[in-house]
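Written out below as structure tokens is the structure these notes cover.
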Amino acid sequence: MLALTSGRLITARNLRRYLRPVITNQRSRQISTYNVDIAGLTEEQAEFRNAVAEFAERELAPRAAQIDKSNNFPSDVWEKLGDMGLLGITVSSKYGGLDLGYFHHTLAMEELSRASGSVALSYGAHSNLCVNQIHRHGTEAQKQKYLPDLIAGKKVGSLAMSEPGSGSDVVSMSLRADKIDGGWKLNGNKFWITNGPTASTLVVYAKTAPERGSKGITAFIIENTFKGFSTHQKLDKFGMRGSDTCELVFDNCKVPEENVLGQVNKGAGVLMSGLDLERLVLSGGPLGLAQAAFDYAVEYVHDRKQFGQPVGTFQLMQGKIADMYTSLNASRAYVYAVAKACDRGRISRRDCAGAILYSTEKAIEVALEGMQCLGGNGYINDYPMGRILRDSKLYAVGAGTQEIRRMLIGREFNEQFKSS
């Protein structure tokens with residue numbers, strides 16, 4: 001059963017009936033070239049995907065350009081996502097979740113990204129980086145306290161690892177947590193934090209025993225009302241502009257003992273296990289952006305005429321369309337295979353990294369080729385290709401850089417052959 005956080009229970013098959021009719025973009029037919037049979041979806045998975053796609057087409061797509069222009073996340077979307085049950089896909093129904101797996105979560109990330117990359121990024125940070133981590137590592141009291149409101153969209157979640165001086169080398173973080181009576185006192189900063197300006201519940205990593213390196217990190221659940229916690233100005237980003245991002249400041253921020261997530265000095269394990277699943281779920285983002293770019297381009301080249309015929313009939317354009325289509329589907333096949341393996345309990349660190357590495361690379365390529373298909377129109381902001389390209393580029397540096405992903409994959413093979 002799929003549980004809606006409003007208290008209603010529906011099956012995946014009935015989820016589409018819950019939705020209102022789709023309002024389409026009248027400037028373009030915006031066909032979808034997604035092939036369910038090739039994607040290997042079951043009937044239930046296809047129904048789930050269609051439901052999310054219809055929701056995204058109605059609630060996000062008409063606003064995507066304005067969201068990008070204004071650099072503001074549409075706050076009303078959180079509770080709508082909550083009503084759909086999408087904020088707790090991998091969470092037990094005991095807390096209002098859907099009791100589904102990471103493949104469904106990746107499907108949702110893909111379809112939301114196809115409509116708005118920035119809204120989907122904030123969605124991923126909330127539903128996977130924050131909600132899923134609390135569900136996996138929280139105490140029963142923590143789950144009961146935080147998950148229902150987060151899953152309903154009444155509160156916004158975030159995760160904070162990176163700092164001004166520690167991005168890829170996250171273990172070198174300097175945010176310090178010192179033991180005090182009844183809890184901990186945090187001092188330092190976090191940077192590039194998705195949902196930071198609006199988050200009320202944040203999973204934050206800090207050094208509780210700096211001299212122990214990676215074995216001295218602890219995860220905490222921080223509330224934005226804690227004394228000593230504040231945020232600095234929102235960042236003005238190149239892409240993903242509707243995904244609110246800022247710096248967090250901890251100035252003698254007092255955190256109760258019961259807000260330790262997991263065990264003291266065991267935060268690196270929480271962090272690293274979460275990174276594998278983060279890479280997987282977020283790899284749905286590049287898939288959705290690539291699909292959006294391809295769908296727009298393939299329709300455009302068959303509408304646009306030069307020399308008395310659609311430009312899509314020219315052999316050079318046919319070659320572009322063929323390359324875009326195969327790259328997109330190859331990326332999807334890899335991401336879906338890794339997601340299904342994770343749902344079977346076969347979490348592969350090298351393949352979670354590989355999925356987002358490959359899907360990101362191909363999304364950027366497809367967006368660039370899509371822009372080329374539109375010619376001069378691809379370069380003006382009246383068309384979506386520029387936004388799609390800028391949003392795609394985020395995944396080359398966010399949630400780990402492409403270089404770090406390659407290093408991680410290579411290191412995994414080094415470890416394998418070292419022990420053989």
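Here the Cβ of each residue, glycine as well, is placed from N, Cα and C on the backbone.
Keep in mind that TrEMBL annotations are predicted by a computer and have not been checked by a curator.
If you check TrEMBL, you get these features:
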- 42-154: domain 'Acyl-CoA dehydrogenase/oxidase N-terminal' (DOMAIN)
- 159-253: domain 'Acyl-CoA oxidase/dehydrogenase middle' (DOMAIN)
- 265-412: domain 'Acyl-CoA dehydrogenase/oxidase C-terminal' (DOMAIN)
- GLU278: active site, proton acceptor (ACT_SITE)
Counts by DSSP class (helix H/G/I, strand E/B, coil) across the domain 'Acyl-CoA dehydrogenase/oxidase C-terminal' (265-412): 119 helix, 4 strand, 25 coil
Cβ-Cβ neighbours of GLU278 (active site, proton acceptor) (radius 10 Å): 23
The domain 'Acyl-CoA oxidase/dehydrogenase middle' (159-253): DSSP-derived helix, strand, coil residue counts: 10 helix, 50 strand, 35 coil
